[in-house]
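Residues or ranges marked as NADP(+) binding site by TrEMBL: Ser155, Arg175, Thr236, Ser298, Arg299, Lys308, Gly336, Leu337, Glu375. TrEMBL lists 92-220 with the feature domain 'FAD-binding FR-type'.
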Amino acid sequence: MAQLAASQVAVTVPVGSDFSTRRSVFKTHNISFHDKSWAPSLSLDLKTKNARLRNRYIICQSVQQASVPKVNVSPLYLEDAKEPPLNIHKPKEPYTATIVSVERIVGPKAPGETCHIVIDHGGNVPYWEGQSYGIIPPGENPKKPGSPHNVRLYSIASTRYGDTFDGKTASFCVRRAVYYDPETGKEDPSKNGVCSNFLCNSKPGDKVRVTGPSGKIMLLPEDNPNATHIMIATGTGVAPYRGYLRRMFMESVPTFKFNGLAWLFLGVANSDSLLYDDEFKKYLKDYPDNFRYDLALSREQKSKSGGKMYVQDKIEEYSDEIFKLLDTGAHIYFCGLKGMMPGIQETLKRVADQRGENWEEKLSQLKKNKQWHVEVY
């Protein structure tokens, strides 16, 4: 451990209940960044002078600094570029990265399986929050014998510094695509998603071919640290927002001090399907003035009309506030399955009509102002 000044406290990590064992991406790895080790240790309670385990982050924090410490990241030259990196590695010359970890992050009652996957790119495929990597699964394209599979795009679920805070890894949130025959109800492996199953079946040390990064529409605007960011996701569409929120609330980035509002709406089937819930609840606890978190659990909650609660119903609950925030410059993001957008658009149009506004004109203005960000698949 690095020598610390007298006015600073030692490095410790989240232990205990703040991050459940089931969802913790650090469960099996003692992750190091620089000469500081992320492993459970004792920290000193500065008020009582009693050493005890504490369920929070203490990262090289001066006693005089804010009460919610953040993680130091490197290399900081990743902040220097004026434009985002784009297509450094193309499909014909992909980068071969290495699987670091694959972990199921949903509970037993979740429909389907979703995994958090960390890959090591060695700092050779830098990216910005909100971008995507392309993955080329092994094997040949059945429609083009002798050729590799087509590239599949995955939103990156980490900041540019990765889950190890050293700029060498990237993370994905991947739902395993499984096909069930509608007549027999049985799984047909021949029709399962090639890339999602390859990733979810991977083991540490396996190789994965990566292209990119790509995408500019979901980049996090950082010109105004006091801005409002309204993030709407269904399922694994939460991936880019995890990156945003870690940058805003977890990492110590000298060039970005967020003091605005981040408001996340997440739609999933049930409580067991929640993704990164422990991280988000920690931000809610630590930054109550800067983070809001609303859930739409379709199989557990009812909308005001008595039907299943979908993310558009939750948006409608807060529609007046959302529209006022948009009128004052808030950014709004949508990420998830493309089927989410028609219902959301209908809801926003209905709300606009009730407010005496023309939705088409309002949408056009939001796009013109670069407040409207959509990435669906």
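Cβ atoms are placed via backbone N, Cα and C, with glycine included.
Predicted automatically and left uncurated, TrEMBL annotations should be read as such.
Worth saying up front: this structure is predicted, and the values here are computed from it rather than measured.
Projection of TrEMBL feature records onto the structure.
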{"residue": "Ser155", "record": "NADP(+) binding site", "Cβ within 10 Å": "26"}
{"residue": "Thr236", "record": "NADP(+) binding site", "Cβ within 10 Å": "22"}
{"residue": "Arg299", "record": "NADP(+) binding site", "Cβ within 10 Å": "14"}
{"residue": "Gly336", "record": "NADP(+) binding site", "Cβ within 10 Å": "25"}
{"residue": "Glu375", "record": "NADP(+) binding site", "Cβ within 10 Å": "19"}
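Note on the domain 'FAD-binding FR-type' (92-220): DSSP counts are 11 helix, 46 strand, 72 coil. In the predicted model, the domain 'FAD-binding FR-type' (92-220) has a mean pLDDT of 95. Between the farthest pair of Cα atoms in the NADP(+) binding residues (Ser155, Arg175, Thr236, Ser298, Arg299, Lys308, Gly336, Leu337, Glu375), the distance is 27 Å.
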